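Inspection log for the structure reproduced underneath, given as structure tokens.
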Amino acid sequence: MDKPLTRNIKPDGSAASLAEYRAGGGYEGLKKVLAEFAPLEVQRQVKDSGLRGRGGAGFPTGMKWSFVPMGEDAPKTKYLVVNGDEMEPGAFKDRLLLEGDPHQLIEGVAIASYAIQANIAYVFLRGEYRLAADRLRRAIAEAEEHQLLGENILGSGFNLDLRLHTSAGRYICGEETALLNSLEGKRANPRAKPPFPQVSGLFGKPTIVNNVETLCNLPHILRNGVEWYKGLSRTGEPGTKIYGVSGRVERPGAWELPMGTTAREIIEEHAGGMRDGYRLKGYLPGGASTDFLLPEHLDIPMDYGSIAKAGSRLGTGTLILLDDRTCPVRMVLNLEQFFAQESCGWCTPCRDGLPWTVSLLEGLIAGRGRPEDLETLERLCGLLGPGNTFCALAPGAMEPLQSALKHFRADFERYLQPHSISGGVHA
Amino acid sequence: MILNPDEIQAIRQEAGHFPHPSAAAIEALNIAQQGHGWISDELLKEIADVLGMSPAELDSVATFYNLIYRRPVGKRVIHYCNSVSCWMLGAEDNRRHLSEKLGIGLGETTGDGEYTLLPIVCLGACDKAPVLMIGDETHFNVDPAKLDAILGDTGAP
């Protein structure tokens with residue numbers, strides 16, 4: 001099984017050096033792109049590959065690029081921005097790539113920048129990833145020394161200045177337009193769309209924001225071709241995916257597997273199954289902002305379309321498991337506390353609705369709940385849902401809640417019974 | 001003047017990487033915080049001056065981000081992750097243990113000025129939960145015994 005994204009990741013956790021990266025074919029994709037393909041041809045190949053953004057939303061990468069103005073009339077300054085602000089609870093896949101193989105990301109950035117003809121790129125990295133920042137900084141310097149970044153890359157005439165920006169911690173910075181505001185030195189509030197960043201983004205110039213894992217796919221697609229890439233998958237959605245598991249399993253971790261691998265295989269084979277004494281009650285398939293799925297969904301392929309059909313989202317592909325001894329209501333409270341705290345406060349439904357959600361759940365757990373509170377929570381799921389807020393933070397926050405109310409209703413109702421407070425763990 | 005010439009130069013250098021100096025706000029706050037521990041009102045005004053921003057404008061940035069401290073903190077800040085995977089696997093036990101060991105609650109600093117205890121959202125190591133960060137270093141699979149080994153007798157009340 002080919003694992004292009006993680007083939008250089010070493011068990012001891014050290015970073016692949018430039019020499020090691022090159023020994024495995026590293027920078028060959030960039031070399032080929034610069035020597036053989038026009039920028040629009042790179043865009044076409046990425047579009048044909050079917051690569052979808054791995055940051056959570058799953059938007060087709062090639063299509064996103066195609067909205068950037070190209071040609072002689074296009075603005076001279078364009079930007080490529082790497083979204084390395086991995087802060088969604090449950091997600092830890094980009095850390096693996098950033099720390100283990102920083103040159104792979106740099107090569108992906110250079111290819112994407114060439115494809116949209118951007119000469120300046122920024123890596124927007126969350127501030128807590130100190131080790132990743134050190135390694136990336138070193139790798140950027142190494143790449144500059146070897147003419148893989150900077151002026152006249154590999155003698156092609158293409159220039160790219162790559163800069164690392166370490167952020168200062170705030171979940172909303174992962175939202176594309178909030179990230180741009182943050183990079184401009186402002187509060188990270190999301191921007192209204194349109195205009196879309198592809199036309200007017202960073203400092204008002206055309207900008208593409210791509211996730212770390214997304215960019216790491218590019219060297220391999222361009223080097224090995226679209227058909228090879230499609231062949232990596234088990235379903236109609238191409239490529240591999242870095243899936244992760246956290247919760248009460250024997251071997252929590254992250255693994256690169258064919259797109260469309262089932263949750264059962266990921267949990268039982270790769271993560272070693274549930275720990276002794278625990279049973280799986282449900283799981284969030286793609287991080288904190290996705291709907292709960294149940295054990296009956298374990299055999300559904302983990303790809304965008306199949307998970308959507310089952311009523312959730314692939315998101316980041318990192319599963320958070322709910323076991324039978326953890327109270328789903330308390331788990332949801334923890335998630336809503338996170339979203340309430342990390343709301344930027346820009347729009348009223350999110351700013352006021354999330355703390356209200358938290359307070360209803362806290363009241364319920366403290367034994368102060370009223371039957372109508374569950375209906376209010378359900379109503380909030382609609383009021384804070386898609387289309388009613390400025391960005392996707394609040395609708396994302398509602399996904400685990402709405403699905404928990406559906407699948408684990410009895411657990412919520414138990415808190416309405418007298419003398420039912422169980423300390424968070426059901427007997 | 002609280003900012004020293006080296007810090008001013010470092011901030012100006014960062015500002016030079018962007019079309020507008022104010023874009024280096026977070027970099028500038030980080031540079032200043034590294035040397036002074038936290039961002040006082042006076043420091044904030046000086047940084048704003050270097051970047052050509054109003055203090056209010058810079059304050060709106062400084063108060064927004066989790067890792068910029070607008071109040072004094074200890075020499076080392078303990079950020080314990082309270083997000084879902086860590087919560088499920090013992091983050092609250094660790095927090096209780098830290099509070100007892102150091103004699104401080106959340107947001108407080110030990111009497112000797114060594115440690116401040118703060119929560120943080122997901123540190124991106126959910127496979128090694130529970131996780132916490134002390135200063136620049138992240139510690140994985142933490143439990144009370146491991147915390148005792150990491151902190152030793154330092155900071156005990």
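Backbone N, Cα and C define each Cβ position, glycine as well.
With a 10 A radius on its CB, B:CYS86 ([2Fe-2S] cluster binding site) counts 29 other CB atoms from all the protein chains. What TrEMBL lists as [2Fe-2S] cluster binding site is B:CYS81, B:CYS86, B:CYS122, B:CYS126.
The residues of the domain 'HTH cro/C1-type' (B:39-58), classed with DSSP into helix (H, G, I), strand (E, B) and coil, number 15 helix, 0 strand, 5 coil. According to TrEMBL, the feature domain 'HTH cro/C1-type' maps to B:39-58.
Long-range Cβ contacts of B:CYS81 ([2Fe-2S] cluster binding site) within its own chain (separation 6+, distance under 8 Å): B:ALA91, B:PRO119, B:ILE120, B:VAL121, B:CYS122, B:LEU123, B:ALA129, B:PRO130, B:VAL131, B:LEU132, B:MET133. Cβ-based neighbour count (10 Å, all protein chains) for B:CYS126 ([2Fe-2S] cluster binding site) stands at 34.
With a 10 A radius on its CB, B:CYS122 ([2Fe-2S] cluster binding site) counts 29 other CB atoms from all the protein chains.
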